[in-house]
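Quick notes on the structure that follows.
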Amino acid sequence: MSALFPTYNRWNIAVQSAEGTVVTDVNGKQYLDFVSGIAVCNLGHRHPHVQKSIEQQLNQYWHVSNLFTIPIQEEVASLLVAHSAGDYVFFCNSGAEANEAALKLARKHTGRHKVITFRQSFHGRTFATMAATGQEKVHSGFGPLLPEFIHLPLNDVDALKQAMSEEVAAVMLEVVQGEGGVRPVDPAFLQTASELCQQHGALLIIDEVQTGIGRTGKPFAYQHFDVEPDIITAAKGLGSGIPVGAMIGKAFLKESFGPGVHGSTFGGNPIAMAAAKATLEVVFDPAFLQDVQEKGRYFLARLHDALASLDIVKDVRGLGLLVGIECQTDVAPLLPLIHENGLLVLSAGPNVIRLLPLVVTKAEIDEAVDILTNVLNNANASAVL
């Protein structure tokens, strides 16, 4: 009997080892990993540059607290601001913590309380980020949520215009909703959101927890659009599997986040910073990012060609290497079949298969497309769905 709370619907796969794009279970079966730790292992498993950086830091010091100046924090912060619209960084341990920090900063700076977010969004499971999340299933059973969070339909310009006022502290969104089904924001809607924030003195917060750190072929996904957020949040891929989160903000916000306003015991931990520094050194290389964009286009084209004739496939969409296959009904019965064929994928909402490779080769993309085509063809023929 497990001593763990049953908070996860775990797969029947026990991992023995992982390296690059391959996961090996305790029975010796190997899987091509298109889950990537849920958009965490952006450089694959145990990338040698990241592993070397961690090992070097382990031989120096592990933790001293944020009462000290920690040089490697400054190095990672400099990398983040050099590749984003931000000027200052607050380090924490997860995406939820980064989003909590963003929400606190928005309220503190503006003196306002209302925050606009969007249906099917996902921002975390703490009380503030749960309230920000636009999914009822995340709210269920927890009683009254924190007030003043407004959930609007994504890409509905009229609804956003009606909701905006001088009482709104921030608009918070993902440019591609990951947990919400790999749903991209409309560029015109994002531009309108940015303009409305400027007009009303609200902050634009872009949650890049899943879309950031090279996932879409840019350092951050908002950089595909003509907007500049006031606050950016990052986590997941930032540490290549070592827990780390970051909130990145513009210079005018600095005075609102002074000593004692917020903090994190483990935020900016030297081991996490070593992982983040090495990760960013690889991911922010222009050649790496260009390769992600090219492979993303290749992957989408292959999926469109292979799946276009299948009735059960409603849509194939994505940005860079954040890709979703939307099916007509629930995809849960399909996941074990795909796994049995040696490909690890996961869902995004009830009817989307989510694919999150990053350092894969075109040959591995071809292999994955063949497996997906085979399973979806069989499902299409036998009406498994």
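Cβ coordinates are placed from backbone N, Cα and C, and glycine is handled just like the others.
Per Swiss-Prot, these features apply:
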type	residues	note
BINDING	Gly95, Ala96, Phe122, Asp207, Glu208, Val209, Gln210, Thr265	pyridoxal 5'-phosphate binding site
BINDING	Arg125, Ser264	N(2)-acetyl-L-ornithine binding site
MOD_RES	Lys236	N6-(pyridoxal phosphate)lysine
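Taking Lys236 (N6-(pyridoxal phosphate)lysine) as the reference point, none of the binding-site residues Phe122, Arg125, Asp207, Ser264, Thr265 has a C-alpha atom within 10 Å of its C-alpha. Counted over every protein chain shown, other Cβ atoms within 10 Å are most numerous around Glu208 among the binding-site residues Gly95, Phe122, Arg125, Glu208.
When the neighbouring Cβ atoms lying within 10 Å are counted for each of the binding-site residues (Gln210, Ser264, Thr265), the highest count belongs to Gln210. All protein chains considered, the CB of Lys236 (N6-(pyridoxal phosphate)lysine) has 29 other CB atoms within 10 Å.
Calculated from their C-alpha atoms, the gap between Arg125 (N(2)-acetyl-L-ornithine binding site) and Glu208 (pyridoxal 5'-phosphate binding site) amounts to 16 Å. Look at the Cβ of each of the binding-site residues Ala96, Val209 and count the other Cβ atoms within 10 Å; the largest number goes with Val209. In the three-state DSSP classification, Ser264 (N(2)-acetyl-L-ornithine binding site) falls within coil. According to DSSP, Gly95 (pyridoxal 5'-phosphate binding site) sits within a helical segment. Nearest in space to Ser264 (N(2)-acetyl-L-ornithine binding site), taking C-alpha to C-alpha distance over the binding-site residues Ala96, Asp207, Gln210, is Ala96. Look at Gln210 (pyridoxal 5'-phosphate binding site): DSSP puts it in coil.
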